[in-house]
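Asker: Got these off TrEMBL a minute ago, pasting:
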DOMAIN    131-266  domain 'Peptidase S54 rhomboid'
TRANSMEM  58-78  transmembrane segment
TRANSMEM  140-160  transmembrane segment
TRANSMEM  172-190  transmembrane segment
TRANSMEM  196-214  transmembrane segment
TRANSMEM  226-246  transmembrane segment
TRANSMEM  252-268  transmembrane segment
TRANSMEM  304-324  transmembrane segment
Amino acid sequence: MADSASQLQTQIEIKRSHQEKELANLPIITFPETQGQESHKAKAPFFKSRGRKRGTDTWVISVFVILHVVAFAATMAVNDCWRNSHGDCALKMLGRLSFQPVSENPLLGPSASTLDQMGALRQTFLKEYHHTWRLFTCPWLHAGFIHLILNLGCTVLAGIHLEKEFGPVRIGIIYIFSAFVGSLAAALFVQNSPAVCASGSLFGLLGAMLSGLIRNWNFYTDKSAAIVLLFFVSTINFAIGLLPYVDNFSSIGGFISGFLLGFTLLFTPQTRIVAHSKAGIFEHNVKSSINFKLKLDRPIMRSVSLLFFVLVILGFLAAVLQGLNISQYCKWCKYIDCVPSKRWSCNDITTNCETIVSNSQLTMTCMGHGNFRVFPYTNISQARMKDLCTLLCS
C-alpha cells in the first residue's frame, strides 16, 4: 500500500513537472489590473535574446558582415600597394594587403583610384559617364581598416539586438533599403573625389533603434541612457565621415530611411519575463498583452511613415536620375563630408601635372602651383599617376 502511494506521488510530480515546462513555453499573457490591485510587471533586457536561438536570430547581420569583410579584402588585394606604390606603404609586412601611406589615406585603406575601380561614387562618373550601377556597389565599400572595424562593430551591436527583437526579415529590409537610400543621398552631394557609403546601412539600424524606442516609450526604462548610447555611437561614426572618402550624406540618408522604416516595421517584439535583478539599460514593462499590442500596433502611424519613406526614396531617385547635384548650390556642404587638414586632403578639383621621365626617374610637377616631386621609378599606371598628382596639388 505504501509502495502504491509512493508510485502515485511520483507520477503526480512527473506530470506537474511536464505541465510547468509546457506553461513556461507559452507566450506571456497578463490581464489588466483590477481596481485596488497592483499590476504585475515583467522586465525584458534590450540586448538579450527574447527566447529565440542565437544561431537563427542573427544570420542576416552575420551575412552582411561577412560580405563587407570579403569586399574589403578584395579591395585591398586589387589595391596591391606593394606593387602599385613600389613599397611606399603603411604596414609593409602585410605585403599585397598593405595600406596606402597615412598621408594618402588616414583610415589605413586603399588609394583613390582603387576605390574608383571597385565602384565608389564620384561626380564625374555619375554626371558624365552615367555609372548608375555605382549606387549599388558603393554601400559595400569601406574607406579603410579603421572605417571597417568601427562600422561593422557598431553594426553588430545594433543589428544583433534588432534581429533578435524583431526577426531577420524586417531587419534585412531596413538594412538593404537604408543602404540604397544612403547611396542616393550621397549621389546628390558627391564631389569629384571617391565616396564610399557603407555607413548608410549602419545609420539605418540606428534610426530604426531610435524609432523603436519612441514607439515603445512608455515601456522602456532608463530611456536617457539609451538615447545617450545612440548619440555616442552616431557621433563617433559621423566623425569618421569627416575624413576623406567616407560619405556623411549617405549616413544622413540611411538614418532617415531607418527611422521611417522603424515606425513602419518594428512592432510587436518578442517579450519574455526575466528577473528584475537582470535588468539592463534597455528594458520595458509589459502591463498587459492587450494594452501592449494596442500601444505598438498603430496602423495610422505605420501608414504615414511608409508614405513618407516612399516619397523620400522616389524623390531622391528622381533627382539623381535627373543629374541634380546639390553641392553646386551649397558651397559649405562639402565640410559636412570632409574637413580639410594638414594630415590629409579633401581636394576634389581637377588637377593637372607635367611628368618628365629621365634616368629611371619620374618627375611630376603640379601645373597649379609649381610643386614637384621626383619618384625613383617610371613603371607606374595612369590611375596611380592621377592619385599622385592629386596629392601633389593638394
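Positions of Cβ are set from backbone N, Cα and C atoms, glycine also.
Computed from a predicted structure; not experimentally measured.
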Asker: Let me know the model's mean pLDDT on the domain 'Peptidase S54 rhomboid' (131-266).
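Answerer: That region's mean pLDDT is 92.
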Asker: Do any residues, 6 or more residues outside the transmembrane segment (304-324), come within under 8 Å Cβ-to-Cβ of it, and if so which ones?
Answerer: 126-127, 132, 135, 177, 180-181, 184-185, 187-188, 211, 253, 256-257, 260-264
Asker: What is the three-state DSSP composition of the domain 'Peptidase S54 rhomboid' (131-266), stated as helix, strand and coil residue counts?
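Answerer: Final tally across the stretch: 107 helix, 5 strand, 24 coil.
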